[in-house]
Each structure stands twice: as structure tokens, then as C-alpha cells.
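Colleague: The annotation active site, nucleophile is assigned in Swiss-Prot to 303. Marked as UDP-N-acetyl-alpha-D-galactosamine binding site by Swiss-Prot: 121, 122, 123, 126, 211, 212, 213. Per Swiss-Prot, N-linked glycosylation site is recorded for 113. Residues annotated as topological domain 'Cytoplasmic' in Swiss-Prot, with sequence analysis given as evidence: 1-32. Annotation source Swiss-Prot lists transmembrane segment at 33-53.
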């Protein structure tokens, strides 16, 4: 290019061509820059083949015009919480009690006529936890909003009858059981991905995917809704990344080196928009199938693959351990102002084994 410009500069008769040539050079540079920096190159699908984190669009709540509301003014110089991290390095909120105004959020999502799907797997002996799960969900989960429960089970007749509130419904989705509890856990990703295509995309706006051997003890509402969220594991929220139980074997698709990692997310509470949940569950299932073909199983099964996915595709919100806690094992530390969704005491070996 420099030689071309020097040649043209040495020919006085070509002065009239200079503006046209400069224009063409600028056009080429602009088109090249667009190709490199185009937002399409930052989409999740391309990033799985590339090297940088996925960038997602915001929740679009700014499109809603709120009515007049009276509430305490947020104060720029007074942080809502001084004892915990409330935002990630990629500017995703970390949701703790005291960091949000639920009245504002309820109004925003109500005006959007949002429907939330809640998926839960009640396979084999785990069907025994379903009644308490559903009864407490009716008291605390997305109260005042439209909810669709999706119960995946191998025993449709054993699903209890629970009185549901207005705008709330339940669908029973019959699925097969697997011999090992690990396979039941891992196959959840495949089943959720399949039903995203078959039903969820046309029936709900957001999906929340949780474990069944739990109970809701306090408010769990629209403050969690976002394109993609994960939940901090109650056993690791104060730990360094070196202590996380990531999959450390390079042969696995879930492998994370010891010098990488933001947080350790648990597999029992994740979600987001249906489109994002479909991407997540499909990617995790495909990764597990590659591992299976290579004769390796990640240390914590689907949870290991979930952590790998959320490392490469940063969540747009992170839920604090308030949203899944085991009080029997961990007590109630002062940093948790509320225990919202807690483990039911049980003998793990008894419920996991036939």
C-alpha cells in the first residue's frame, strides 16, 4: 500500500485521482474494522469457538413506563451493603437482601406480563419431596406473578395435588429413570434443553431450574430474573479459586485450570431467559456426551460442566447463597439476612440408592 501511494505521489498528472484513491482506502479500512469488531463476532455461538466472554443484551426493562411510586431515595454515597461484594468485575449484580427494591421490580415485570417456568426433577425416591416443595413454592416463589411448574418424573401418578393460586399451573412431564443418581443428575441438562424447544419457548419467558429436595422459606421473586444467572455455592462463597472443586483433569470438557475461575456455582439453582437456558443446557449436555465418548466423567457431573459454561459465558446476575442454603450443615451466618431456599434434612444414601 505504501509503494502505491509513493508512486501516485510522484506523478503530478494524477492529482485528480488522489481523493478517489484515499476514499477507497478509507472504505476498505472501515469495512475491515467492521468485520473485526462487529457485535456478531461477540455472540455466544461464536465465542464457544473463540476466546472471549459472551456479551448479552440487558433485560429491556427500560421499555416499561412505571406509574408514580413513592419509595426511599437511593443514596450514591451510602452503599446498600458494606459486608459483601454486590457487583462482579463484569458488572453483573450479586443479589443479596438489601440490594434491591422489590416493589419497583414487581411493577416492572407485572407490566411486562411475565411468565416464569420452574423446572424440578422428582425421579425415583425424590418424588417424596415434591409435596413440601410445591406447597412452600406457592407461599414464596414469584408471588403475584404467572408461574408454570414443570415436574419431570418417572411416576406421574405420585405427583401430589396441591392447590395453586391464580395464574399458576402445573404440568407433569413423564421421563425415564436411570439406574445411577449421577445419570439422573446429568440427563437433566438434556431433558431441559429438549423441552425448551418443544414447549418452554412458547409457554414462558424465563426458566428457573432447581433441586426438589428443598423448601422455600422466604421470598424468591423477580429480583433473580435476567438473561442468565447462577447461584453461589454455600460451601465455597468465601473460598479462593484454588479451593473450588472444579474439574481439574484436562481430558474433560469441564476442565478449569487452577489459575482460572470467578465463583463456584451450584447445580441446584440456575436459570434465565428460555433462550439462554436452552444454550446452557444444550452446551453442557453436548460436553458430557464428549466426555462419555472419551471414557471420562466430570468430578461433580453436570455441576462441573455448568461451572465451565458460566466461566466462559458470564452470567448477567449472580445469586447469593441466600438462594440455596443448608442450615443443618452450615448454620446461619450473619452475612445471610435471609434464608430463602433451603435443603430438607435427609439421608442422601437412602434416597439415592434403589
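Cβ coordinates come from backbone N, Cα and C, glycine included.
Are these features on the surface or tucked inside, and what touches them?
Modeller: Annotation for residue 303 (active site, nucleophile): same-chain Cβ neighbours under 8 Å, separated by at least 6 residues, are 265, 266, 267.
DSSP assigns residue 123 (UDP-N-acetyl-alpha-D-galactosamine binding site) to coil in the three-state reduction, placing it in neither a helix nor a strand.
Note on residue 113 (N-linked glycosylation site): other Cβ atoms within 10 Å of its Cβ, all shown chains, come to 9.
Computed over the topological domain 'Cytoplasmic' (1-32), the whole-number mean pLDDT of the model equals 51.
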Colleague: Cβ within 8 Å of the UDP-N-acetyl-alpha-D-galactosamine site's Cβ centroid: which residues qualify beyond 121, 122, 123, 126, 211, 212, 213?
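Modeller: Leaving out the recorded residues gives 120, 127, 129, 130.
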Colleague: Please report the three-state DSSP label of residue 303 (active site, nucleophile).
Modeller: helix
Colleague: Among all the protein chains here, how many other CB atoms are within 10 A of the CB of residue 123 (UDP-N-acetyl-alpha-D-galactosamine binding site)?
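Modeller: Taking every protein chain into account, the count is 20.
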Colleague: Please report how many Å separate the Cα atom of residue 122 (UDP-N-acetyl-alpha-D-galactosamine binding site) from that of residue 113 (N-linked glycosylation site), as a whole number.
Modeller: 29
Colleague: Going by DSSP, give the three-state secondary structure for residue 213 (UDP-N-acetyl-alpha-D-galactosamine binding site).
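Modeller: The three-state answer is coil.
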Colleague: Which of the three DSSP states, helix, strand or coil, fits residue 113 (N-linked glycosylation site)?
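Modeller: It is coil.
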